[in-house]
Amino acid sequence: MKDHKKEKFKELKKADEKRKKGNRKKKKNKKSKKILGVVLGAGAAVILAGYAGIGFYYQDKFYPGTSINGVDCGGKDTAYVRELLKNSAETYSLTIRERGDQTESIDGKTIQLSYQDDNEAQEVKKQQNSWLWPIQIFGNKNYTVNADSSYNEESLNQAVSALACMQDANMTPVQDAKVEDNGTSYEIIPEVEGTTLDKEKTLAAVKGAVDQRQTELSLEDAGCYVQPAVRQDDESLKKDAEQLNKFTSLQASLDFGTGTETVTRDQLKSWLKKGDDGNYYFDTETVKQTVIAWSEKYNTIGQPRDFVTSEGATVHLTQGDYGWRLWQDKTTESLVNMLNAGQSGPVEPTWLYSGEKHGGNDIDGTYVEISISEQRMWFYKNGTLLVDTPVVTGNPNNGNGTPSGGVWRLKDKASPSTLVGRNPDGSIEYETPVNYWMPFNGGVGIHDLTSRTSFGGDIYLYNGSHGCINTPLDNARTIYENIEVNTPVVVY
């Protein structure tokens, strides 16, 4: 029993101590909260006081980092800023940056720049709410205002005009990119920027910079320089260079028998023209001028030539229409068509008239030979003598002498035919039927004349023809049956 009471006492004592400990903890927590409240209240008061103090401070002052027209106004009031703006006008200078790392300047004194207060600084200050300083105070704040600084516009015009970069003598001309021949090929030459200024743009840019109180102006950035109209990356330039190189690298040659003409690069260049569609082409008329020059070099019709007669003598012939004559239009067409197709190769000349061979007297193994003095005619075919016959030629004593001293082409052949001679008034003088007619020089030709029984000798001097070559029938037949049109007929 005694032990039971003792145990109970211990339990009551332990419970009392626990209660006292809890009371002490509650008192401690209450005290801590009270202290925290005091601290927080004091902190808030400090923060509020700081916020209010800064707000009041910047009610008439600009935030740090504020600049107006490039003038640092941070921490300054509007009165001070107005004075700064005034001073900045008096000390203002605009640096003008030019190409080639050149600079020039125009100062406020030169253009009579002066500051006129129009409350612009106050207007800027209104944009800075001092009670929003926690938001607005940080960072740079750059303002550009029309400070209404006046300047003498004529003085500014004169100052700009006097700049070295504005003098024509100092301006390097701008040059467009172009295609140029370097002697072996065409290449694109880059544009030259130059230093030529658009004077109106330059004046406007300087005025704009002064109006905004800028201290530096790049004429390049302001777009004051005259720009090339064509630059090296222009697609049309690339196309031109490609076509020109293609066409001037072509090769063409023409074999004229006695010589070959190889078209040169310079000739190709001179023949090229640019069409309305922007493409290059070989101009027919221009090419033809070269072909004409070639024809004058290689044509032999009407050219003097020496001829060795059947009797071994050499005669000099200067008349006639036999020989080579280039067909200029056709030859030009063949050459132009090949070149415009972008092709190279030989071009076969087209002849309007041709001889039997190139070179020498153009006469090969087939020809008719007539000697007026001998009254004799020979006909050779492929080097073989087929006819050797006496003839009667035109009577020189009555103005009907046979034309001589030249080589003519046989123009035609007909069997039979009727030869008609006319008087000057157009009336018929004679009509003579013949079996074989072979004209070679207008109305002069070779024919038989059955009414004539004698040939050769000096008959032609008193009973000659009207100019034709009267030939015995059998010999006329042999010639007719073996001769072709364009065969040369030599008369001397």
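Cβ atoms here come from the backbone N, Cα and C positions, even for glycine.
According to TrEMBL, the protein has these features:
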{"type": "ACT_SITE", "residues": "H447", "note": "active site, proton donor/acceptor"}
{"type": "ACT_SITE", "residues": "C468", "note": "active site, nucleophile"}
{"type": "COMPBIAS", "residues": "1-19", "note": "compositional bias 'Basic and acidic residues'"}
{"type": "COMPBIAS", "residues": "20-30", "note": "compositional bias 'Basic residues'"}
{"type": "DOMAIN", "residues": "366-492", "note": "domain 'L,D-TPase catalytic'"}
{"type": "REGION", "residues": "1-30", "note": "region 'Disordered'"}
{"type": "TRANSMEM", "residues": "35-58", "note": "transmembrane segment"}
C468 (active site, nucleophile) and the residue listed as 'active site, proton donor/acceptor', Cα-Cα, nearest whole angstrom: 7
Residues in the domain 'L,D-TPase catalytic' (366-492) grouped by DSSP into helix, strand and remaining coil: 18 helix, 56 strand, 53 coil
Other CB atoms, at most 10 A from the CB of the residue listed as 'active site, proton donor/acceptor': 24
Which same-chain residues, if any, lie at least 6 apart from the residue listed as 'active site, nucleophile' yet have Cβ under 8 Å of it: T393, G394, T402, L419, G443, V444, G445, I446, H447
